[in-house]
Amino acid sequence: MHEDVYLKRNTPTYTYLYMFIIFEYFLISLFIYLYSVKVGELGASVSGLPGGNDSQLYWTQIVNNFKIFKTSNMQNVTSTSYTPIMSIIVSVIGILDPLVVRIVNLFVFYALLFQVSSLLSFLSDKMGLSYQSNRSARNYLGAVFILYPALIFSVCFGIGRDIWIYLAFISVMKYSCKWLSYKHLIDAIFILAWWIFLFSLRKYQAISVLLAGIIFLIFRRISFKSFLWLMLSSIFILFFWFTFFKSVELPVVNMSLMDALQFQSGYRTEFGTVVLVNYGSSDFMGAYSTTNFPLFIIQYIYSFVCNMLSPLIWQFKSLQLIVVGITEGFLIQFCIFMLMKKRELLKKIIKSNPCFFFLLIQAIFWNVVIAFSNKNIGTGIRLRIPEFIIFIVVYIIVKFKEKEDKNEG
């Protein structure tokens, strides 16, 4: 009791960690901007570094919209709300410089840091963890953000939309957990608002969140036997879809299963030949089989594992992959291993609080979606950041819950 009072009177360590993170990401983004300007790339990105092509596309659109602002409709070949939003911000400020976009993205990142920390603190309180454990948990979170290469790449190396997507996704998770706990109308409104925003940024990720939410509601109401039947039925439905309807375009996302399978592999000509138009040195597999279902399932399982855990040791083919593998690769592998090892405690936590089951379903299902279309390690690392954050948050709570249970025992 006296220890908690003493702690509350002192500035938490995580406050200094968060301040360091804010300063760290700002300096890295500023350095990349200055270097980009120096080499003649205007400051949007640097060729050869993560996010280069997308950043140049966004910047070209922003420049064009800046020139026609208030005179005609804005251009948006990217089909995402990020371009018009950022175009309006730059135009209203009146400064046509990628540094403006970088600063805005940094503020979005700071909002993400706040939301993740808030989610972690909320779950900590719901599990009845002490004030000291709550503070220590956020210290762990701060350490992860300081040493998270993929997040640094996404926020600082270019001017892409990914950080906005992460913020929208995590915000949906946070308010969903609050709604599951309290059933307040305001939380439902926030869920809807953030989900709509996520949909405007990346449609298929918003659809993933919706479907995962439906799966969560179904799983809470069925037995394990029914769950197994549901899984078998899902495989049969996938076989039927793969065999007869893989070329049928789905509404909303405007993609067919064939489009998704060949998104990172290229395209199919009228003669059935796959042309590799997007083949990278960090690809972990070739084109999906579109005719052999058993082979497709084997490829899919491998893709699922690689998208979740890469880079694996045998995939260390460059200095960048080695750095990412030693930091976040080993970390997510460790977190998932420890969650499986502590599965009995995790089961108890899930039974006592549905938020954890909801978060894990969301993280796993998002990886299910990624595995259909992505075969590139670099892209997978960038896309999996939201699920990585969820696994980290859940692991931290499990770790401190176990620690407090041992102390009480």
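All positions are counted from 1 along the displayed chain.
Heads up, the Cβ atoms here are built off N, Cα and C, so glycines get one too.
Taken from TrEMBL as is:
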- 16-35: transmembrane segment (TRANSMEM)
- 79-96: transmembrane segment (TRANSMEM)
- 103-123: transmembrane segment (TRANSMEM)
- 143-167: transmembrane segment (TRANSMEM)
- 179-198: transmembrane segment (TRANSMEM)
- 204-220: transmembrane segment (TRANSMEM)
- 227-245: transmembrane segment (TRANSMEM)
- 293-313: transmembrane segment (TRANSMEM)
- 319-340: transmembrane segment (TRANSMEM)
- 352-373: transmembrane segment (TRANSMEM)
- 379-398: transmembrane segment (TRANSMEM)
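Recorded stretches compared: 79-96, 204-220, 227-245, 293-313, 379-398; the one with the most Cβ pairs under 8 Å to the transmembrane segment (143-167) is 379-398.
When each of 179-198, 293-313, 319-340, 352-373, 379-398 is scored by its Cβ pairs under 8 Å to the transmembrane segment (204-220), the top-ranked stretch turns out to be 352-373. Residues 144, 147-150, 282, 308-313, 346, 377, 381, 388, 391-392, 394-395, 398-399 of the same chain sit 6 or more residues outside the transmembrane segment (319-340) yet have a Cβ under 8 Å from a Cβ within it. In this chain, the transmembrane segment (103-123) touches the transmembrane segment (379-398); three or more CB pairs sit within less than 8 A of each other, excluding pairs fewer than 6 residues apart. Within the same chain, residues 218-219, 257, 293, 296 sit at least 6 positions outside the transmembrane segment (227-245) and bring their C-beta atoms closer than 8 Å to a C-beta of that stretch.
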